Amino acid sequence: MKRIGVLTSGGDAPGMNAAIRAVVRKAIYEGLEVVGIFHGYQGLIDGNMELLNLGSVGDIIQRGGTKLYSARCPEFRTEEGQQKAIEQLKANGIEGLVIIGGDGSYRGSMTLTKKGFPCVGIPGTIDNDIPGTDYTLGFDTALNTVIDCIDKIRDTATSHDRTFIVEVMGRDAGDLALWAGLAGGAETIIIPEVNMNMEEVVERLKSGTSRGKKHSIIIVAEGVMSGSEFAAKLMEHANIETRVSVLGHIQRGGSPTGRDRVLASMFGAKAVEVLMAGNGGRAVGIQNHEVVDYDMNEAFERNEVFDKDMYQLSKELSI
Ligand code: F6P
């Protein structure tokens, strides 16, 4: 293998730039050439790409977003789009691809692998929802962003004796909400993995009030419902007035934490090694502190990895 490509696809996540840097520098260290493909699969179809060198990825390890830009690409789901992408890969002499993104991006890379172009996936999403890896790139940074927001909201909640509802991203997964809720001392955490019990929520709020507590933070994962829907339910059930904060895309931005930068560096280097060994259809990840690669099909299995103990702990500590 002489030349590989790298692209980022789907929602951006802090640490993607650090991963691009690692892929490029590790590949050049190993004597390969690296082509950066812009705007994800759309750039692949359009031939929007350029050869990268060591300097191309300088000064990006600390930056949020992705230097290669990202996009969701409906055209790539069509046979015609895939054919165009393959023609571009051939025309540009690219023999293997590193794809940084979430499960949608992984599906695209399986398609290419099946058509003869080996692809390796690096999990890049704040949602931490990819089976086979304990952590995805960007999760730690987003977690710290959410904690910072909760701390600030708590100031106002305390000053005004208010109950706040904080809506947190995560798509269908509750990891970001659960971790942030535990770390931010939230009184109640509502996540998709646990059936919501409104009576219990109200009971917890009331028991807090009866011991003199005048403010509360409730974290609602977007996968359950929106913060304002939850506020309406609380009003309807118990006539409790709240304020709602939707954190939104602030959770996707910002300089990656040290943990995300280290993870990105290890994932990037591992992905290059896997490609060099001639393997496609693989994903890299971290399992029990060890960087691994595994069959990408395992990343599509929805085997509900949910930390019940952590959820229970959050309840025990927030009475
Ligand atoms: O997957 C990352 C994520 O930020 C989810 O948490 C969220 O549901 C979704 O992307 C938002 O997507 P978009 O930026 O396309 O609105």
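Each residue, glycine too, has its Cβ placed from N, Cα and C.
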(message) Looking at the ATP binding annotation from TrEMBL, with Arg72, Cys73, Gly102, Asp103, Gly104, Ser105 already listed, which candidate in Gly5, Gly11, Gly15, Gly170 is the matching residue?
(response) Gly11
(request) Please pick, from Glu193, Glu199, Glu222, the residue that TrEMBL records in the substrate site together with Thr125, Ile126, Asp127, Arg162, Met169, Gly170, Arg171, Arg243, His249, Ile250, Gln251, Arg252. (result) Glu222
(message) Let me spell it out: for each of the binding-site residues (Asp103, Asp127), count the other Cβ atoms within 10 Å of that residue's Cβ, using every protein chain shown. Which one has the most?
(response) Asp127
(message) Between the Cα atoms of Gly11 (ATP binding site) and Met169 (substrate binding site), what distance do you get, rounded to the nearest Å?
(response) 12
(message) Which binding-site residues are spatial neighbours of Gly102 (ATP binding site) here, meaning Cα within 10 Å, out of Thr125, Asp127, Ile250, Arg252?
(response) Thr125, Asp127
(request) May I ask for the distance between Arg252 (substrate binding site) and Arg72 (ATP binding site), taken between their Cα atoms and rounded to an integer number of Å? (result) 16
(message) Just to verify a number: CA distance, Arg72 (ATP binding site) to Ile250 (substrate binding site), in angstrom, no decimals.
(response) 19
(request) From the binding-site residues listed here (Gly11, Arg72, Gly104, Ser105, Arg243, Ile250), select those whose CB sits under 6 A from an atom of ligand 1. (result) Gly11
(message) Is it possible to get the count of other C-beta atoms within 10 angstroms of the C-beta of Met169 (substrate binding site)?
(response) 23
